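Enquirer: The annotation active site, O-(5'-phospho-DNA)-tyrosine intermediate is assigned in TrEMBL to B:Tyr103. Here TrEMBL flags B:Glu201, B:Asp253 as Mg(2+) binding site. Sequence annotations record features per position, and here TrEMBL assigns domain 'Spo11/DNA topoisomerase VI subunit A N-terminal' to B:75-140. What TrEMBL records for B:144-193 is domain 'Type II DNA topoisomerase VI subunit A all-beta'. Among the features that TrEMBL reports, domain 'Topoisomerase 6 subunit A/Spo11 TOPRIM' is placed at B:196-362.
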Amino acid sequence: MTSYQSRLGEGEGIAEELAESQRAISIAEFFEKNKHMLGFDSEARALVTAVKEAVDNALDACEEAGILPDIYVEIQESGDYYKLVVEDNGPGITKEQAPKIFGKLLYGSRFHAREQNRGQQGIGISAAVLYSQLTSGKPAKITSRPKGQDEAQYFELIVDTDTNEPEISVDETTTWERPHGTRIELEMEANMRARSTLRDYIQDTAVVNPHARIEFDEPGLDESLKFERAERADLPDETEEIRPHPHGVELGTLLKMLEATDSYSVSGFMQEEFTRVGGKTADSVIANFNDRHYGRGMAWQPPKVNEDADIERAVEDAVANKGAETTATFAAAVSDAIHDRDRVAYHEVEAIVDSAAEDAEADGDTTFGATVRENAVEAAWGAVSDNLSSDLYALVDEVTTKRKDDAAIEGLASRLADKFDGGGRHRLTRDELRGYIDRAADMTEEQDDATFGETARENVLEALWTAAEGVPEEPPKVSDIADDRDTASELLSAMRETDIIAPPTDCLSPISAELVEEGLRKEFDADFYAASTRDASVHGGDPFIVEAGIAYGGELESEGTVDVMRFANRVPLVYQRGACATTDVVKSIRWRNYNLDQPGGSGIPKGPAVIMVHVASTNVPFTSESKDAIANVPEMEDEIELAIREAARELKSYLNKRRSMQQRREKQDKLATILPEMAEKLTEVTDNDELHIDDSLARIMNNVLVEREVEDDTVRVRIENNDDTNADVELTDIVTAEPQVTNGATVVEMDGEWFVKWSPTVGAGETAVLEYSVTGEAEFTVSVDGIEEEKLTVNA
Amino acid sequence: MSTDSDTTPDTEEAREQLIDLAADFYDQFADGEVPTMTIPTRTKSNIVFDEDEQVWVYGDRNSTRSAKTISGAEKILKAVYTIDFLSQQLEEDRSSTLRELYYLSESWDLDEAQFNTQDESNNLIEDLEIVSDVKREDFHMRPEESGAKVMGPLLLREQTNRGDREIHCQDDVGQGGYQIPNNPDTIEFLDNDAKFVLCVETGGMRDRLVENGFDDEYDALVVHLGGQPARATRRLIKRLHDELDLPVTVFTDGDPWSYRIFGSVSYGSIKSAHLSEYLATPEAQFIGIRPEDIVEYELPTDPLADSDVNALESELEDPRFQTDFWEEQIELQLDINKKAEQQALASRGLDFVTETYLPERLDEMGLL
């Protein structure tokens, strides 16, 4: 059975095709048969899929209209059924659009568009509509209010299961509080067993769509979950649709394209319908196609002039009744032209004969008819291909190892020569040539007790194939190729074989590292966030971009393995985690290098972390039709790994810093116990006054020490940096009297208090002093920023 | 009591030295500085030979314990607690052993101040000796093991807790001899008929000499070293030499480790290099067993182990052994690849050592 996925790629026509085939069976039966592909195989999953389709649809509608999405999702219990309500603030829909969008299975322009979009992910909202109708018997209830209209429209939509035609059964005017948007209500058989999956799905959607505001309510919630829009999040950039890249199409798609194109020639078709194909590239594709379709003509070394097979004489003999002189001139011209060449193929001999014949015709009044020319060609070609074994011997000997027995090479060459003995044009495809070589080699192995291994055969093939000439045939017309699957397949191979520059990447709209981080930040209460966006890359003919994000610490669950969130084109992937390339990559990374716990040194790491990976592509390679897991495409895995590592490096440096801060804290705690005891003991032993050890402590902790000295009217604030790196200190001294003359500091008065702001950089082991004077009594309040709390001792 | 007048100033001085040390830490704190304690690095690489005194002393390299690190802070904390303890002990004129100090630290209220191992407390006491310039004995700290024994014609007076005792080291003692107290400076030499001091490495040989009446016959003060000699033993030997002008001889096994015993009697050891002037007797002479004796007396031998060879080779590079005598002997030993114990002399009869070997050797050395 052809895979469903490849058929999806075949474009718009599939809808009709499917619908057509459905007339034989009912649409309900079709649905029943295919529901596992459509994501409705269990009641629990059906609800998740319906939510997913409806939310994707809503997000797309808003984005296409340039509106920041505001989506409301609600699940209600409704007797034996569940009712799903999804509202958006999109542009609304008209009565005419409604049946197409919600009612027609596989309607829409998304499947064949070379553009990053959500629609690749599922089969569309129509499947949910159909499922609800089939299970509850209720119509889909749609409320829509296009922008600028005072009233909303209410439709009820039913799909005629016999004809697969949607029908509007109710159409009335209503009121709706949203200024514009669409609301759809679906009732269906369902259950809430996948409740946590649903919630995760909504949350994940919010993470990966930071520009959207989403609200979610279901019977198990006390109050609805609200996922607010990230502050800096704008609509994703609009994507450019691109033509397909020759490396990214499959045979079915190619056939459809061949059928649909207006182009007549293969060259025109290639340049019109594909991205990155110009005249030169088209020629290369055609040359490769011809090699497959027509094969190459073997080209042989012309015999030496003094050898038995004399071309000139053979041609002379073959030409009758043209007069001795003319015949001799003609034969000499053919012979000379052939001898001018190192090797000559049949079609070249033809060209030479034609050219000589035309010259002869021009010189005299003789005509060289087709028969004469044919005879001349046959004679010349016969002479050229008279002694192939020596020619082949040289070719074979050149590419086989020195150790090969001379007799064996001789044997192989003469057996190969025999294959060409039957006359003819010596035209063959690479596969046919390989067949000749294999048979000749097998025979030689058998009879001459020699060995010709795979490498030797491949080398001989390569030498002979290179010696052969591409034939100057025109490729078949596009319409003929479209009718012939095999020829189309040859064209596809030729396209794949040809070097073609990578497709443009403006068809992609990544979330951006900044917004990935923002998305994580708003949905996870963590201590640390990092994100990365890779540059665009290509697999097959499809460009893709991988983004990764990591959140760590805070309120994240610290027991068990970290959460790996997977996304494709901004849609969360919910099922088949274990089959996904993303998961494989996460497992393969040595997380211990990034300071995450990873028992056994491989597998999903442990700890309070979330790792998210987003793959944006015009064609995300999924493992199966249900589109839950990204396939193990090496180019994509590499990019996923690099994206994750980029974010993980930030995590590592954060964790290192955190660890060193923790060590510092531990050291401080320990010293904070030891040193006061030491001081007390010293006071006791030496019988002295009580000791103040703050300054010593600050120095010991490698701390930044802020001290104040007040001497008459002069105030000195000293910042002593006992650390071994520079300290950028932002100090604010709030003084209750007006300070005079401050060095390098600014003073702002506010409600009778003066804010002395000073931002020195204090080198390692250095001290900076702020000095100012205050007349009369003053109180001081100092605050210091820019230094971690653990590293700061304020004694002022 | 006369003893009081003798010891009190010393005790008081020692106490003050310790408290001065604590006061240094106090001042560092008071100045907002980080308390530190600087002591010479006590490793082999920081031991230099004092050519004038002919003893080993510490070189210029210092290591600093700073309260900046947890381990440094703990060391200083322990030092302060120990100073507190020692100063009380001195105040009360009591004494304790190194091991007692180790256990006593368990009673200190702060866990961080307690010693983890006996080595730690032993080392700390040595550190304090160095930085305060007061000897352990003056802190009233003594080692667990008692000092070795002396047998010979010597009359002395020892201050004990139970008053002064006059003891003759032949007449007033049993077969075991006179037990050297932990602080030999509490001994006063009264009279002697000794001609020389004979330090013996092994207990077995000492007993042989005493049984054979060697001390009596040759007016020798037989001092048992018992392996590497304790500080008290070395101090007593030094005093016997310096105060009674007695030549000191050392009689050990014939192997590289025994030569080091001689070295520590003669030139001082690494761990107590700060006290070399006080403990070492550079004039001490080596009797044997010399490698030469192994050949001459055809003594039963063991072959040298690899570690013996290494030790001998490192001794060749050791300035303590860079004399013609030692170079000749060590090279000979490496050549014959043999070592012999003192007791190997018994292969020639039990009396051989006292009747032949020692008289011959002492005669050669001009002591008889």
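Count begins at 1; order follows the chain as displayed.
Positions of Cβ are set from backbone N, Cα and C atoms, glycine also.
Predicted automatically and left uncurated, TrEMBL annotations should be read as such.
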Enquirer: Across all chains shown, how many C-beta atoms besides its own are within 10 angstroms of the C-beta of B:Asp253 (Mg(2+) binding site)?
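Expert: There are 20 of them.
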Enquirer: Taking DSSP as the reference, which of helix, strand or coil describes B:Tyr103 (active site, O-(5'-phospho-DNA)-tyrosine intermediate)?
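Expert: Its secondary structure by DSSP: helix.
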Enquirer: Express the distance between the Cα positions of B:Tyr103 (active site, O-(5'-phospho-DNA)-tyrosine intermediate) and B:Asp253 (Mg(2+) binding site) as a whole number of Å.
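Expert: Between the Cα atoms of B:Tyr103 (active site, O-(5'-phospho-DNA)-tyrosine intermediate) and B:Asp253 (Mg(2+) binding site), the distance comes to 37 Å.
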Enquirer: Which number gives the other C-beta atoms within 10 angstroms of the C-beta of B:Glu201 (Mg(2+) binding site), all protein chains shown included?
Expert: 24
Enquirer: Around the Cβ of B:Tyr103 (active site, O-(5'-phospho-DNA)-tyrosine intermediate), how many other Cβ atoms lie within 10 Å? Please give the count over every shown protein chain.
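Expert: So the number of other Cβ atoms within 10 Å of B:Tyr103 (active site, O-(5'-phospho-DNA)-tyrosine intermediate) is 14.
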Enquirer: Could you put numbers on the helix, strand and coil content of the domain 'Spo11/DNA topoisomerase VI subunit A N-terminal' (B:75-140), residue by residue per DSSP?
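Expert: Result for the domain 'Spo11/DNA topoisomerase VI subunit A N-terminal' (B:75-140), in helix, strand, coil order: 49 helix, 2 strand, 15 coil.
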Enquirer: Please spell out the DSSP helix, strand and coil residue counts for the domain 'Type II DNA topoisomerase VI subunit A all-beta' (B:144-193).
Expert: 3 helix, 24 strand, 23 coil
